[in-house]
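TrEMBL annotations:
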- 162-182: transmembrane segment (TRANSMEM)
- 194-215: transmembrane segment (TRANSMEM)
- 222-242: transmembrane segment (TRANSMEM)
- 290-315: transmembrane segment (TRANSMEM)
- 327-347: transmembrane segment (TRANSMEM)
- 353-373: transmembrane segment (TRANSMEM)
- 385-403: transmembrane segment (TRANSMEM)
- 447-466: transmembrane segment (TRANSMEM)
Amino acid sequence: MSNQDLVIDEEKGDSAHAGVLDVHVDIEAARRDATLNLLSAHHVVSFDPNSPEAKRVLRKIDWHIMTMVFSVYCLQLMDKNSLSYAAVEGIREATHLTASQYSWLGSIVYFGYLGGDIPASYFLQKFPLVKYFSLMTICWGIVVACQAACSDFAGLAVCRFLLGWIEVCTVPAVFMITASYYTASEQIARVGLWYTSSALAGCFGGFFAWCLYFSGSFGWRAIFILYGGLTILCGVVMFLFLDATPSAARWLTEDEKIIALERLRDTKVGSEVWGFNNEQLKEAFKDPRIYLIFALLVTTGLPNGGLTAFGPTIIKGFGFKTAQTTLLGMVPGAFETCIIPIFILLARKITRGVAGIIATLIGVVGAIMMLTIPEHAYGARYAGYVLTLQYPICIIFVITYITSGVSGTTKKFAFNCLYQAGFAVGNLIGPQTFRGKDAPNYYPAKYVMLAFILVSGVLIGVLEGIHLRWNRTRDAQDAEDSKRGVVHPVIENEEFMDLTDFQQRHFR
């Protein structure tokens with residue numbers, strides 16, 4: 001439905017950051033929204049989120065949503081990283097790539113990200129989210145497979161650019177789907193679960209590359225064909241079986257849909273993808289968090305871009321043989337998979353900000369080890385490499401700042417758009433820090449990596465501080481209103497009316 005059906009009047013004199021607004025809603029127009037239509041038809045007097053029925057519905061949601069989200073996110077990372085494994089299996093020699101051209105292939109995919117970022121955010125709102133996302137998944141699988149037919153830099157560059165342009169829709173789509181099914185407290189664990197697939201992508205990628213290494217000159221081509229085929233299959237499955245919201249879920253009964261929606265009420269971010277709202281877009285760019293998240297994705301993306309393109313090359317530079325390199329590429333992902341649950345527990349027991357900062361500190365220690373340990377101790381230097389690759393765990397908590405801390409469809413898409421832009425900029429620059437003249441140790445690139453991981457930890461601390469300050473401001477305002485006897489009207493189902501986090505008084 002159009003967001004023009006909502007008329008928002010701001011109270012004078014208070015900061016919008018305190019979330020103090022009066023909202024007038026055209027209820028009849030609002031009921032055109034599928035979720036509101038369901039909730040209006042079923043007035044739930046009381047709801048226990050810990051009831052056996054609610055837990056059963058959650059398990060059902062996990063089975064249907066997490067399996068597909070996990071798979072597509074894993075394949076996205078495998079497809080993007082396929083070039084690095086192809087490099088150690090002979091693609092540079094077969095396609096006559098110079099060191100500079102190979103570096104640019106690592107960056108070109110992110111030019112595609114930058115070019116496709118805004119169109120993807122628009123189309124995900126314009127068209128049915130899951131159908132568009134599924135078709136784009138099939139398309140990028142085709143592009144990945146087409147890389148096997150390339151014989152020179154130009155062909156690979158075109159494929160890499162198209163890969164970035166098409167797959168840029170993945171993260172915003174996955175963010176929206178996760179926020180549509182899970183409460184704020186559940187999102188840390190679920191985001192951690194599907195983010196684990198990025199770690200497993202390294203395991204699977206290393207294993208498949210090791211297997212295909214023994215297929216001779218066809219090895220690097222087989223990587224692209226295998227990954228592309230798996231991605232196409234995943235896209236078809238999503239098109240047939242994935243649903244974007246509880247109200248649209250064909251695998252939930254009507255009663256189960258009501259339970260799924262009632263579970264989300266306290267999260268206050270809604271569950272539907274509403275139409276474009278210009279006021280929400282303006283609000284997004286007045287929110288300082290959007291710039292912090294952009295900066296965070298640049299600082300975390302730059303080391304990632306270099307490690308994605310040159311990870312196996314770095315390992316081989318430690319003194320390992322090609323077959324060993326492909327297998328050792330599995331270890332960082334396996335280790336990350338094991339420790340992510342620890343960080344999720346830390347986030348629940350302390351704060352997500354603290355958990356994110358600790359993850360960056362582990363990465364800092366690893367980078368220092370790679371820089372300071374003598375070259376002959378290649379086992380210890382490899383251990384530093386493994387530790388360095390644990391810093392991306394901090395992204396789990398950055399993601400939850402968006403999925404549970406930002407409300408309003410257009411505002412959330414704006415945050416997603418800046419998230420992707422920052423990710424693209426960082427990953428675009430990252431491979432360029434690895435210069436051919438610095439091989440095989442690439443010390444200058446590693447110093448840059450160390451600095452950017454350190455800055456990432458600082459930015460996470462600032463982001464956490466902003467949330468804590470805003471929540472305290474809102475709590476203080478509520479306490480003051482209570483003392484003065486000020487009563488604010490309660491709007492039924494306002495949590496599902498596409499209001500932003502600034503517009504909802506009780507949003508935390």
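Note: Cβ is positioned from N, Cα and C throughout, glycine not excepted.
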**OP:** Using a Cβ-Cβ cut-off of under 8 Å, list the residues of the same chain that are 6+ residues beyond the ends of the transmembrane segment (194-215) and lie near it.
**Re:** 66, 69-71, 73-75, 77-78, 81-82, 85, 88-89, 174, 178, 222-223, 226-227, 322-323, 326-330, 332-337, 340, 389, 392-393, 395-396, 399
Original post:
Who are the long-range neighbours of the transmembrane segment (353-373) in its own chain, taking Cβ under 8 Å and residues 6 or more past its ends?
Top reply: 303, 343-344, 346-347, 380-381, 383-394, 396-398, 443, 446-447, 449-450, 453-454, 456-457, 460-461, 463-465, 467
Subject >> Cβ-Cβ under 8 Å with the transmembrane segment (162-182): same-chain residues at least 6 beyond its ends >> reply: 61, 65, 69, 72-73, 76, 79-80, 108-117, 120-121, 123-124, 129-130, 132-133, 136-137, 139-140, 143-144, 190-191, 194, 242, 244-246, 260, 264, 267, 269-273, 399, 402-404, 412-413, 416-417, 419-420, 423-424
